[in-house]
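Chemist: Quick one: structure below, then a few questions.
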Amino acid sequence: MAEDNTPQCSFCGKEKSEVKQLIAADDANICNECIELCTDLIADSDEHGDDDSDIDTSWVNKKLPTPKELRAKLDEYVIGQDAAKKALAVAVYNHYKRLKVSQILANDSKKAKIGADDAMVELAKSNILLIGPTGSGKTLLAQTLARLLDVPFAMADATTLTEAGYVGEDVENIVQKLLQASDYDVSKAEQGIIYIDEIDKISKKGDNPSITRDVSGEGVQQALLKLIEGTVAAIPPHGGRKHPQQELIQVDTSNILIIVGGAFAGLDKVIQQRTEKTGIGFNADVSSKDDSRRSSELLQQVEPEDLIKFGLIPELIGRLPVLAALTELDEDALVQILTEPKNALVKQYKYLFDMEGADITFTKEALDAIAKKAMARKTGARGLRSIVENALLETMYELPSMKDAKTVLVDEQVINEGKTPEIA
């Protein structure tokens with residue numbers, strides 16, 4: 001196996017000693033054999049016109065952000081969750097690098113140019129499971145990654161899914177949402193990201209057999225298997241229903257990155273039972289004042305066997321090789337979320353009030369009070385907007401009708417006691 005510092009082609013993986021020439025650039029290397037392959041592909045395209053137009057090469061020339069660059073961009077929008085950001089950045093980078101290589105190798109007749117078929121390494125898809133409490137940033141991380149990579153994004157709630165043939169959404173509806181997000185461009189949809197939330201809510205009901213079919217639990221997990229590992233989904237055009245004699249849109253999910261997430265309430269207890277048996281866990285129950293910190297520490301130790309015990313089927317866990325646990329946000333992190341990200345809530349309200357010709361200011365005590373309320377409600381970052389919206393409702397109602405209002409001051413009393421903000 002080559003050492004990490006051995007120069008090698010970024011596309012075929014061959015070392016410098018295995019090729020005639022290796023051309024180095026800032027972000028990648030390419031060997032003479034890959035250059036010849038690309039030259040032949042272009043020549044074939046010129047010679048045969050549109051014969052190869054169905055070969056997608058959208059990622060071949062696109063610059064792929066490195067894991068460090070992805071992480072730095074995530075830092076601009078998401079506060080904390082360093083371990084999860086790192087795991088996501090690496091998984092997403094490897095996924096789209098795999099897609100880039102597969103597009104170069106799309107023309108079967110050219111594979112021999114860069115190595116025999118039996119020497120080629122097939123790169124498996126690294127789908128991701130995010131574990132973390134409500135409002136910790138799971139959805140935001142997935143959305144932000146899709147925006148940074150400029151790929152279509154679709155989100156689904158696992159609790160609304162049922163097996164095909166039952167009332168509710170089936171798994172193909174998720175692919176339909178992605179197709180809609182890509183304006184029915186199949187090629188774009190096949191390179192997108194799907195985020196499935198509340199995956200923990202479809203855990204199996206138990207090991208005991210039941211006379212009633214579990215159509216929204218284990219049944220949905222089974223239905224998700226093919227979507228996650230790769231299948232060709234037949235989607236009716238423009239969101240209609242399937243019917244006979246209808247021409248369906250074929251969407252291959254093999255290159256769609258699947259991210260699933262859930263709060264997994266109670267998983268920390270499952271992990272605690274396992275780790276205590278081996279003498280490395282926590283002896284106290286997770287119920288004291290710092291229970292959220294202990295719970296987060298336990299979730300960092302999650303293993304596939306814990307998820308199986310929780311109720312996910314082994315086949316599903318096997319298709320989600322990247323596990324990332326998010327921690328519950330504390331008050332300091334919530335205050336940072338209010339003020340620091342590019343799209344921070346305080347910045348959004350400042351922009352709204354600027355449009356009315358007024359400058360809004362939140363005191364430090366007001367920000368602390370907002371964070372405390374969100375902590376008390378156990379809604380995490382998701383509950384911040386609701387608290388601010390309620391506090392500013394009356395002001396936002398009156399302000400557009402006021403001609404001489406220049407400043408709005410939000411202090412602790414506005415948040416805690418419902419006092420109207422001071423307008424001057």
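Note that Cβ sites are derived from N, Cα and C of the backbone, with glycine treated the same way.
Feature list, courtesy of Swiss-Prot:
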BINDING   C9, C12, C31, C34  Zn(2+) binding site
BINDING   P133, T134, G135, S136, G137, K138, T139, L140  ATP binding site
DOMAIN    1-50  domain 'ClpX-type ZB'
Chemist: Look up T139 (ATP binding site) in the DSSP assignment and reduce it to helix, strand or coil.
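Modeler: In the DSSP reduction, T139 (ATP binding site) maps to helix.
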Chemist: Return the residues near G135 (ATP binding site), defined as same-chain residues 6+ apart in sequence whose C-beta is under 8 angstroms from its C-beta, sorted by sequence, else 'none'.
Modeler: L329, A374, T379, G380, A381, R382, G383
Chemist: Could you measure between C12 (Zn(2+) binding site) and K138 (ATP binding site) for me? Cα positions, answer in whole angstrom.
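Modeler: K138 (ATP binding site) has its Cα 34 Å from the Cα of C12 (Zn(2+) binding site).
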Chemist: State the count of C-beta atoms found within 10 angstroms of the C-beta of T139 (ATP binding site), not counting that atom itself.
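Modeler: Taking every protein chain into account, the count is 16.
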Chemist: C12, C31, C34, L140: which of these binding-site residues has the highest Cβ count within 10 Å of its own Cβ?
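Modeler: The residue with the most neighbouring Cβ atoms within 10 Å is C31.
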Chemist: Hey, which of the binding-site residues P133, G137 is the loneliest by Cβ count within 10 Å?
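Modeler: Checked P133, G137; of these binding-site residues, fewest Cβ neighbours within 10 Å: P133.
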Chemist: Taking the Cα atoms as reference points, how far is C34 (Zn(2+) binding site) from K138 (ATP binding site) in Å?
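Modeler: Distance (Cα to Cα, whole Å): 39 Å.
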Chemist: In terms of DSSP three-state secondary structure, what is the assignment for P133 (ATP binding site)?
Modeler: coil
Chemist: Using a Cβ-Cβ cut-off under 8 angstroms and a sequence gap of six or more, which residues of the chain neighbour C9 (Zn(2+) binding site)?
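Modeler: Residues satisfying the criterion: V19, L22, N29, I30, C31, E33, C34.
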Chemist: What three-state class does DSSP give C34 (Zn(2+) binding site)?
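Modeler: DSSP call for C34 (Zn(2+) binding site): helix.
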Chemist: By a 10 A CB contact count over all chains shown, which of the binding-site residues listed here is most packed: T134, S136?
Modeler: S136
Chemist: Using the recorded ATP site (P133, T134, G135, S136, G137, K138, T139, L140) as reference, state which further residues of the same chain have their Cβ within 8 Å of the centre of those residues' Cβ atoms, listed in sequence order.
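Modeler: Residues close to the ATP site, other than P133, T134, G135, S136, G137, K138, T139, L140: G132, G261, L326, G380, A381, R382.
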Chemist: Specify the secondary structure state of C9 (Zn(2+) binding site) as given by DSSP, simplified to three classes.
Modeler: coil
